[in-house]
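S.K.: So Swiss-Prot lists these for the protein:
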BINDING   159-161, 172-174, 179-184, 267-273, F306  substrate binding site
CROSSLNK  K138  SUMO2 cross-link
DOMAIN    141-322  domain 'Macro'
MOD_RES   K96  N6-succinyllysine
MOD_RES   K103  N6-succinyllysine
MOD_RES   K129  N6-succinyllysine
MOD_RES   K163  N6-acetyllysine
Amino acid sequence: MSLQSRLSGRLAQLRAAGQLLVPPRPRPGHLAGATRTRSSTCGPPAFLGVFGRRARTSAGVGAWGAAAVGRTAGVRTWAPLAMAAKVDLSTSTDWKEAKSFLKGLSDKQREEHYFCKDFVRLKKIPTWKEMAKGVAVKVEEPRYKKDKQLNEKISLLRSDITKLEVDAIVNAANSSLLGGGGVDGCIHRAAGPLLTDECRTLQSCKTGKAKITGGYRLPAKYVIHTVGPIAYGEPSASQAAELRSCYLSSLDLLLEHRLRSVAFPCISTGVFGYPCEAAAEIVLATLREWLEQHKDKVDRLIICVFLEKDEDIYRSRLPHYFPVA
């Protein structure tokens, strides 16, 4: 077998194995008539003549070209693959880098960065449909009709909202968005300083409005910050409208970012002084009416309370807005 035949056979083997990156350089004098040329671009040399014709693929792509196509298409090459640098959220000072890094992770990979290990998955949170089986409250004339599907979209939970693994949690913030007391401070401490760094770029928030940030070290992917009204004593009509707007503005962001689960704390009922019973009526009416319009766009709306008295209030009022079907 001639040297030319042996080289051609070896080239075919290398191409089949996906290991051909550059064409072999023939030794002088062994391939009579082979002419070495260089293309007009900055590309690699091409080998013409009998050797060059035999080295071409059926599609007319030369040996080097086939290797280049392989690299472009992601076929095996010897070039090392670029790997995204891992970010340590406990020490990082770049919120943009950290936020981008987290977006590229799967749900399972994100767990490594949670501030807690005892987080609560969405599937572990019972729906109102499940919870209502043990509710003794009977409503003779509920305000709304029975709807099994809506009862599967709403939940009441007494828990630490910072530990919920949902798409977003809502923060009852102050207008600065830089952290404060109550649930606001808890969320900022759990998420870490990167949350405050991103909030600083939002330049405050008006009462009744909402803004969204990453969740960072929280199990929740996002935090929706809203500012409730300050209402000591009997709330005015405008304050009631502002509280309703807090929930609607937060839900608007949920849809805008295509998120499907969200947990709300009790907004304005802490240091802002809004009466718990009056707030519950607004919250339940707002969520019920919103779900009637958008039930196919979300999986769960969670009312997450921290105090037993708030749980009792919502448990007694839920049947009026979400009658047991």
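The backbone N, Cα and C atoms fix where each Cβ goes, glycine too.
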S.K.: Which three-state DSSP class does S159 (substrate binding site) fall into?
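M.R.: SS state of S159 (substrate binding site) = coil.
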S.K.: Cα-Cα, whole number of Å: K103 (N6-succinyllysine) versus K96 (N6-succinyllysine)?
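M.R.: If we compare the Cα positions of K103 (N6-succinyllysine) and K96 (N6-succinyllysine), the gap is 11 Å.
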S.K.: Pop the mean pLDDT for the domain 'Macro' (141-322) in here, whole number is fine.
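M.R.: Taking every residue in the domain 'Macro' (141-322) and averaging pLDDT yields 97.
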S.K.: For I267 (substrate binding site), which residues of its chain lie six or more apart in sequence with Cβ-Cβ distance below 8 Å?
M.R.: V170, A172, T226, G228, L243, C246, Y247, Y274, A279, V283
S.K.: Which has the fewest other Cβ atoms within 10 Å: G179, G182, G270, G273, the binding-site residues listed?
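M.R.: So among G179, G182, G270, G273, the binding-site residues given, the one with the fewest Cβ atoms within 10 Å is G273.
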S.K.: Out of G179, G182, G273, point to the one nearest K163 (N6-acetyllysine) in space (Cα versus Cα); all of them are binding-site residues in the record.
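M.R.: When the Cα distances are compared, G182 comes out closest.
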S.K.: If you count other C-beta atoms within 10 angstroms, which of the recorded positions K96, K138, K163 is the most crowded?
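M.R.: The most densely surrounded of these recorded positions is K163.
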S.K.: Let me make sure I understand the structure: which of the recorded positions listed (K129, A172) has the fewest other Cβ atoms within 10 A of its Cβ?
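M.R.: Least crowded of the recorded positions K129, A172, by Cβ count within 10 Å, is K129.
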S.K.: Write out the long-range same-chain contacts of S159 (substrate binding site), meaning residues 6 or more apart in sequence whose Cβ is under 8 Å from its Cβ.
M.R.: V120, C304, F306
S.K.: Cα-Cα separation of G273 (substrate binding site) and K138 (SUMO2 cross-link), in Å?
M.R.: 30
S.K.: Once the chains shown are all counted, how many other Cβ atoms turn up within 10 Å of the Cβ of K103 (N6-succinyllysine)?
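M.R.: If we count other Cβ atoms within 10 Å of K103 (N6-succinyllysine), we arrive at 10.
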